[in-house]
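Let me begin by presenting the structure, written as structure tokens, before commenting on it.
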Amino acid sequence: MLNNFYGRVSNAFKNKPYRKAVIVSAILIILNAFKTTLFNYLMLPKTGGDTLGYKFWISLLVCVIVFSFVLSLKSRYVFLIVYIIQGIYCFTNISYFLYYHSYLHFLQWISLFKEAMISASHFANPISVQLLVVFIDVPVALYIFFKCFKREVKSTRLPFLRNAIIGLSVAILLVIEIFNFANGQSVVQFMDDRYSGETRIVERYGTVVNGIVNIVQNNTEEKLINQFNYGKNISSPSSVTTSKSTSQQPNYVVIQVESMDSNIVKQKYKDSYVMPYLSSLMDNSVYYPYTLSYHKGGGTSDAEFSVINSVETLDSFPAIKLSSYSYPNSVVSKLAKASYNTMAFHGNVGTFYNRNIAFSKMGFKKFYDISSMNYDDEGWGAPDDKVFSFAFEKIEKSTTPFYTHIITMTSHGPFESARHYYNNKAYDDIENEIVRNYYNSFSYVDKSIKDFVEKIQAKYSNTYIIIYGDHTPNVNSQDFAQASFIEGDKYFEFVPMFLLTPDHKKYKEDSFVASFLDVSPTILATSNLSYNVKTDGKSLLDTEITPANIPFKGGSFDRSWLFNTISNHKYVEEEPLWRKYLPSFISSSLIERHK
């Protein structure tokens, strides 16, 4: 039997086209394993050479199994489909990680597919040289597609050799996993830790296994909903009753500003503030320079979700898309039950993040998107000043106290929408296009907010106005660096928070960061209503009270530590990829000398 096998193998390799196909296939498997290794390596916080080597050998064994089977099917189109699927998977995962610094999960990917396609059509997804990793083996793959599925190659079949190679690779992987389990390094042991366990799984097994583990752990909405941690229960003072007249109840305007991070409101260009109005509020409002953003599995929607419901959002799924969630902690619902006119406005389509469904369940009596406002896309979405004007018209028609939640759109990345209707020539000489457009966008946004806020204050003096950013803009350069830092496997983003009160209170926090969880307690504490709410936040007006820690990705973080860390953080340009990923035995000085 063995003699027959060796004879068949020997005869097969005498066939020159087949021999060439085998050699090229082996090269593809090695290159693909290298690509897969770098793909996973790019998404690990800090990893040494030992881990890189381990990942390469594991990836090589997996690639041997997958491509041995795929190529044995003798179909160039099956091969092409598998290869394209892998490429899309790697590309989207790297792009997601570059923006969110967390892992994209399969269920999350499916849920956000529509949003991802719309974002891609507006070129809003991050572009980086790291994405070139996906194309490392493209030339070899194309060669195989066009040259290695010809009749003289397809006619040669060695199923025993294929099965032996696959079986041996599987056996080696099983032995490695037995050793992993014995040393406490198995996926079975990692999967119980929802946060740090993810990094360990990606480190040892890759993102695909991590995605499978996530499906096992979060395959029902009930499991996801049970992950919400609402914090302690707080209530209104006993002196407050629900019998007070609505005339004593203040109005609320909440403005959530797209991509406004903590640093842009303090940023100057040629000695002038990019946002002169909001920068003036630093000394004329209750101002928290740094507010920890929840920017996780639900992207931008995590901001309004956590603000309104005073709860940390989910890591692996957009919380706003939980169809069976009833929003029991929503501050909007509490105000709506107290006869407030609750309205939301957004210059994007209402189906984006299912806001048209979720906002109603949160307690909004009316949600106006770009369609219901009868506006057209100008760039991406309706211009902010038009949305503010529409919102003001609806506010004027309100006969009861109102809660108005406005989500801006113009300053969404890649920050080109404002160019359709606004251009501040002061920034035309900035070479970095992203920074130039970012400054121009926020120059426009600042003016739009100023006009709207001044109209509200002039006509509705008994109104609390809260202005905050949703997340950082993913802009880091020598010209402008966002307010964010990485600690271990956690990525912290910071946005500003302004609170304008009817009595024009002034306060500037210089020791603690605020939290999205603080907005709901602030509103309820000033509402003159009887209330109960579960929260880890506190009223932004209670400036004498030491605030509790902020829950974030399985940890609990001291607000003063966060403040000190981000306020002292300095942008450092990332080292070149060749220096970061080439083996250490290649002299960096030699490379520098020949650059």
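Every residue gets a Cβ built from N, Cα and C, even glycine.
Per TrEMBL, the feature active site maps to Thr300. Residues annotated as Mn(2+) binding site in TrEMBL: Glu258, Thr300, Asp470, His471. Positions annotated as domain 'Sulfatase N-terminal' by TrEMBL: 250-525. The transmembrane segment annotation in TrEMBL covers 21-42, 54-73, 80-99, 127-148, 160-182.
TrEMBL feature annotations superimposed on the structure.
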residue	record	CB count, 10 Å
Glu258	Mn(2+) binding site	27
Thr300	active site	22
Asp470	Mn(2+) binding site	27
His471	Mn(2+) binding site	24
Check your understanding: At least three Cβ pairs under 8 Å linking the transmembrane segment (160-182) and the transmembrane segment (54-73), pairs spaced 6 or more in sequence?
Key -> yes
Check your understanding: When the pLDDT values for the domain 'Sulfatase N-terminal' (250-525) are averaged, what is the result?
Key -> 97
Check your understanding: For the transmembrane segment (21-42), what are the same-chain contacts with Cβ under 8 Å, counting residues 6+ beyond its ends?
Key -> 13, 51-52, 55-56, 59-60, 62-64, 67, 71, 86, 90, 93-94, 97, 130, 133-134, 136-137, 140-141, 143-144, 147-148, 153, 202-203, 206-207, 581
Check your understanding: Which residues, same chain and not among Glu258, Thr300, Asp470, His471, have a CB within 8 angstroms of the centroid of the CB atoms at the recorded Mn(2+) site?
Key -> Gln256, Val257, Ser259, Met260, His295, Gly299, Ala303, His412, Gly469
Review point. In the same chain, who gets a Cβ under 8 Å from the transmembrane segment (80-99) while lying at least 6 residues past its ends?
Key: 32, 35-36, 39, 42-43, 66, 70, 109, 116, 125-128, 130-131, 133-135, 141, 145, 207, 474
Review point. How far is it from Asp470 (Mn(2+) binding site) to Thr300 (active site), counting Cα to Cα, in Å?
Key: 6
Practice item. Could you state the whole-number distance in Å separating the C-alpha atoms of His471 (Mn(2+) binding site) and Thr300 (active site)? Key: 7
